[in-house]
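Now, the feature entries from TrEMBL:
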DOMAIN    1-254  domain 'G-protein coupled receptors family 1 profile'
TRANSMEM  12-36  transmembrane segment
TRANSMEM  56-81  transmembrane segment
TRANSMEM  102-122  transmembrane segment
TRANSMEM  147-172  transmembrane segment
TRANSMEM  202-225  transmembrane segment
TRANSMEM  237-257  transmembrane segment
Amino acid sequence: MVKAQIRKMDELVTPFFKLCISTAIIDLSILFVNYFGAMFPKMGYFTRFYLNLDYIYAHIYLYIAWSTGICQAMSVSVLATNRLSAMILPQSYKKMWQSQRLWIAIAIQFIPGMLVGTLTFFNKTQLVVNNENGLIPQFMDKAMTTIFFSIGGFFLLSNCIYLIVAYCYLFIILHKRNTKLNGFSGNVSLSKEKIRKRERRLFIMCSIIVSVQMTILVFFMVKVAKLFELSVDEFYLLYNLLSDLFASINPYLLFIFSDSLRKYILFQVGIRNNMSINNTAVITVQKPFSSEKKDQEEDVGN
């Protein structure tokens, strides 16, 4: 996607893909900190290195883990808003997400999580040795830790409610548009079929994202409500599993549901012979662009 931005590929330099790149920074940070901050020390790797850092390592890991978790949730909301505006207000979409407004959206992805994460520095930390002689960073003040979980759960709950309401509203609008299209003649049947196809794709894509988000919300609610006790090892195992799943799922969804990005990637790796890119509603609502046709026109002109 970054290479496509540099090469100014029309269908891949839209605000949606720029937001996907900023989201990827958060996802990669989560994967990095999960392995180097949690899994490796838990399994006993580089123990001496982590012990030398002591509470510095624990504070850095816990700050990044908590802040990126909230940043991840905010990113989902921003991407959902982007898709909602592209489908409902296609004529105003570019104006809404260009220039400074795009930077505001990126700031919403990062700033709330980074600010909330600073609360972790007010709680003392320690390194606990597990049964495998590994290290687990954890907070010492349990009451304050419960407050952290409550704040994180609130952000996740608010995010999930927004996602559900936003996509329900989107589907209502799409249903009304499809109903109007049924009254036209057969020459618009292809357009109607494309709308139904992108509606199905959007529904599947958002359903997967919301389901993962809801799973993490349920996990936080169980932890806060103390419905059943989890050991430190069990908590971090489940938390890292869900975080890795959430951080890793976006590239696959983009590859599956974005025809433009998939064709571009296949061309770059040499599997596809031409770079003709046709846009889909999952990306943006705009006219298809064919690089082959453009090249042919330039050859004729020359």
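Cβ atoms are placed via backbone N, Cα and C, with glycine included.
All annotation found in TrEMBL is predicted automatically rather than curated by experts.
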Sequence-distant residues near the transmembrane segment (237-257) by C-beta distance (under 8 Å, 6 or more away from its ends) are 20, 23-24, 26-28, 30-31, 34, 38-39, 65, 69, 72, 201-202, 204-205, 208-209, 212-213, 215-216, 219, 230, 265, 280, 282
The answer for the transmembrane segment (56-81), taking Cβ pairs under 8 Å and residues 6+ beyond its ends, is 16, 19-20, 22-23, 26-27, 29-30, 33-34, 37-38, 50, 105-106, 108-110, 112-114, 116-118, 120-121, 125-127, 137-139, 148, 152, 155-156, 159, 162-163, 166-167, 206, 209, 213, 243, 246-247
